[in-house]
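> I have a structure I would like to understand better, so I am pasting it below and will then ask my questions one at a time.
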């Protein structure tokens, strides 16, 4: 049995445990998380089915534009899609359509699509609607640090997956350059960059809904609104496969969080993090929205470390594990290693760049929030 097989069997075991707990009235707190996995099909369908169906159309538009430039530097066009899109928001579907080299396409959606893409299209736009305005500087600093370590996570994950280092390097050239540009923009023009990301996130969501509406009308009536779209069954099958994996991943994350609560709190103390910040890091392993919601209650150090870690580390035991295990289980272990490598190095850099505050300073911050 390979490591990837072991990961899938562990997910299956937690799925069964969650299902049993659901039948027994959520006695261990896993049944609710099991149900959450299948309930995720709705949001997944809204963001994915339209993009999956539109993938051939979008690829036909984008390939003539980006392919010559990427080919000139020896990179694959598929890495473009996952530099700006998460795997579950179009990155996976577009990588399949745009890839000239299947290995490069696989590398792109498994690693760039779980680190770089989610930060651009989801983390930054979504966070803006959650965090307090006074936390924008800490958020920008965390994103800046987190983006700088994305290439590290992709490199380590790619090597663990057995990809050629030359291919990895070529396909990380443009993402690394874009990371540097974004980092500079967040440093010098924070408010403008934040507005830009907000608009980009809205634009991607609109494209997804337009695609979903068009393929739904075509399925119901046979009337083709957008020629060249993939049939709706492909998107539905993809979301269903991911939901099955999530029904195991969510209970597993709940179990880890509960079982290792004390050791994780001890680790937080070593990093000079308060309890809220430590809990945020653990929560981000499954999903970072609860962490972002509690950002206002953290110290500045905790805020920066949490955001930096989330760029690569968020969803590693949640939807990204569910997606990769469902679509290409051979990549599951390497994806986990790569995302954690990117997240941990970002958190370490953030800890080094953001000094721990004195107890007196922390009391002052707590008083300002009470």
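Note: Cβ is positioned from N, Cα and C throughout, glycine not excepted.
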> Could you tell me which of the ranges 206-226, 269-289 is annotated in Swiss-Prot as transmembrane segment?
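Feature transmembrane segment in Swiss-Prot: residues 206-226.
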> So, do the transmembrane segment (49-69) and the transmembrane segment (333-353) meet, by the test of 3 or more Cβ pairs under 8 Å (sequence gap 6 or more)?
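These two stretches do not touch.
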> Under a Cβ pair cut-off of under 8 Å, which of the recorded stretches 79-99, 206-226, 236-256, 307-327 contacts the transmembrane segment (143-163) most often?
307-327
> Against the transmembrane segment (307-327), which of these stretches has the most C-beta pairs under 8 Å: 6-26, 79-99, 111-131, 167-187, 236-256?
236-256
> The transmembrane segment (206-226): which same-chain residues, six or more beyond its ends, come within Cβ distance under 8 Å?
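Same-chain residues near the transmembrane segment (206-226) but 6 or more away: 45-51, 53-54, 57-58, 89-90, 232, 235.
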> Can the transmembrane segment (167-187) be said to touch the transmembrane segment (6-26) if we require at least 3 CB pairs below 8 Å and skip pairs under 6 apart in sequence?
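Touching, no - the transmembrane segment (167-187) and the transmembrane segment (6-26) miss the threshold of 3 or more Cβ pairs under 8 Å.
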